[in-house]
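As written in Swiss-Prot, here are the features:
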REGION    426-445  region 'Disordered'
BINDING   H561, H565, C663, H667  Zn(2+) binding site
Amino acid sequence: MLSNTLRSNFLKFYTNRNHTPVASSPVFPYNDPSILFTNAGMNQFKNIFLGKEQTSYTRATTSQKCIRAGGKHNDLENVGHTSRHLTFFEMLGNFSFGDYFKQDAISFAWEVSLSVFNFDPDFIYATVHEKDDEAFALWEKYLPTNRIFRLTDKDNFWSMADTGPCGFCSELLFDRGEKFGKATSPLEDADGERFLEYWNLVFMEFNRTSDGTLLALQKKCVDTGAGLERLVSLLSETDTVFEADVLRHLIAKVENLSEITYSPTESKGSAFRVIADHVRSLSFAITDGLLPGNTERGYVLRKILRRAVNYGKRLGFHRPFLAEIVPSLIETMGEAYPELQAAETQIQEVLTTEEEHFFKTLQRGGNLLHQVLKSSASLSKISGEDAFKLKDTYGLPIDEIALLAKDHNYTVDMDTFRKLEMEAKERSRKNTVKNKNDSDSIFQDVDPTNTSEFVGYDMLSCDTFIEGIVKYNEIASTLEEGEEGAIILRTTPFYAEKGGQVGDSGEIFCESGTFLVSHTTTPKAGLIAHHGKLSQGSLQTTMAVTAQVNQNLRKKIANNHTGCHLLHKALEVSLGEHIRQAGSYVDSQKIRLDFSHNKALSPEELLTIETLVNEKIRENVPVTIREALYSDVMNSSEIKQFFGDKYGDIVRVVSAGFSHELCGGTHARATGDIGYFRITKEHAVSTGIRRIEATTGEDAENIARGQDTDLNEIATIIQSPKDQLLVKLRNVMEEKKDLAKQLANLENQLVQQQVKSLLTSCDKVNETSYLVYHLTEEEGQRIQHYANTLHKEVPAKFISLWVTEKNDRYIVLVRVSDDLVKQGIDAQALLEELLAPYGGRCGGKAVSAQGSSKELPQIEVLNTILRQWISTRLA
């Protein structure tokens, strides 16, 4: 694959020129809620550019995985319809943090263009900012003046935000020839098809103030980005990015599955392009820990998947098919991104599960669309509200809704639709911006020289000094008895909450007073805050104090943290390499571990995992902790690391028997210190994410003892020895099953008899029979049984509506015969319409739906409403 060669040679070029190769960050920034997805190579270096973070290197090079499908940078709707828009792409880049600037950046870019990209220099053009005389002069060393163009802020000025670091930029373009347009220069090429931009060099040299003033930065930086797919297309001389390399390989797989030949210019060509791009985006997102959902990034992923499925229908796919394309992606990109291979099973399972769910939704949406068409007959227009619901809830693309409407000589209220869509986008945008924790905001005003040194790995007590006091609404110098606040120490043995481990508790004291520490946090970089309450006396800044961690709780936390590591490894060994940690929490009482897995764990699997962890505990191997250069361990398949954590140049490698992880937390001295491990709960957190809760040591033993006590009590109640409990319980359950069968038979007979009498009560309108019937509360327990039995007796052209009461609410069930469903009648839509005036809610399918409401009209009124509804809809 040309992309693999280009990527490798680009990184080698800069590595040979003293750039540190930095691995791609995930496709979404864990610690930056200001953007939905990673959309540029500079995202992971943002805090370095802002001066908030230091690194040991001043030069870096990356190939960054990017997604542009939400927020400010959103190419989703363009994908498939243009020659170069993608939701997923790779951005090659080189970066300088106060090292070299324009001269070397331009020199490097020219050399790479010729020696790595192998471009003909006679076809290269450059643009610079109209005020950037320095860049213009530098390009004159390589290009004739008539191939260097000065442009305005709109095209050649870059800024991270309204204020802060910014600067001029310079773009490199390649002339693809007259085949792509008659323009003779980039200035005439409005669409950018002939003179294709392939690299952008950003020179961060200013700091923009709130009044717009540009001040010179003390540390000037360089940030460049070149789209890999665009480079591959240029070198392959293809019309679009889809006709070359990885994307063409994926399109070939779609050709094979659909048995349709791809033609870029035919109408179905867009479907091939959409599917190829979207499968790649989804696969990388799932690999990095994202899952389709209903909010924020998950919502965007679900939109991408549903868009791929809808375009798949144009190629004849009416079943889940996306997972079948994944092996072709791994075949082409698995070597560069081995994490794709490890996550293959999970990617396929997530895609298939989502597709199955969506196909069911589409069936309901299609039925609903036909119903909407019927209900809008008098206006010959689909309302914007209905169109938005069909798109947002049921995933029907607006162009498909419009086409179906046109087939029936209907129009769509697009103005209202677009208004509702904009409102939904605004809600989504607001949801992505996390509000700063009010209780932490005051810490931003703490003197930046008041930093804390953590010494708690080696000691649980130390003599130190109070550097600062915070009372949550103000910076203070004293704390009096009974007051709550936070104390900042010069050195501290207290571990601050991070990496899923709870912060330490304990005491800070001297002769003047005692402060009880309830928890410890890091409200901003370099600052450790000890939160709590002054129990007696008074304390003030500069005082000499003793900081004492609660030793018993620290030991329990450390044991649980090591237990969490063992659990994580046991999950991987027992369930497969697709297991990825999705979150964790450890305190003195429990372990909570979230992990990627698509189904509930069986009792046998849980027992296997628990047994394996306890085996490792009994081995009593030392827990070793060593420091290492992150660059030395970042690509190790043996050492677990998590994208949610920000790693520095030096990292801690924690090894506990078969488990090896990068971790900054506190741990047991040996696995035997944990004592005993017990799983207490396993359940789903969200689609594709499971959670195990567990505990260790005395807490685990207490659970075991409590369960043993319960068994003794059960044995006494059912009058059986403990060793015969299982046999006795099975006998009891068999007896219960027999009794249940007898009861069911009696109930069935009762229902059959009552249904026969109801047949004479059915009414008829427009050749459709219907029944509205009120069941007693006792009969209402079998409401579904009544409906199913009656519809067996009247299998066609029949609608039944049943009402009963439960817990001071009306329970309503609507059942529709299959032939009416095929005509577009939807039980849920009918029930929604019926309950809406009374504030009721419902759920279900086209054939049957059930809901409830606090209010409901008399049964006679319901009969009239249903009769009128049938008269209108089935005229």
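Glycine residues also receive a Cβ, built from the backbone N, Cα and C atoms like all the rest.
Location within the structure of each feature annotated in Swiss-Prot.
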residue: H561; record: Zn(2+) binding site; Cβ neighbours (10 Å): 27
residue: H565; record: Zn(2+) binding site; Cβ neighbours (10 Å): 30
residue: C663; record: Zn(2+) binding site; Cβ neighbours (10 Å): 24
residue: H667; record: Zn(2+) binding site; Cβ neighbours (10 Å): 28
Item to check | Residues close to Zn(2+) site centre defined by H561, H565, C663, H667, Cβ within 8 Å | outcome: Q501, A558, T562, C564, V623, V654, A656, E661, G665, T666
Next on the checklist: Going by DSSP, is H565 (Zn(2+) binding site) sitting in a helix, a strand, or coil?
Outcome noted: helix
Checklist entry - Under a three-state reduction of DSSP output, how is C663 (Zn(2+) binding site) classified: helix, strand, or coil? => result coil
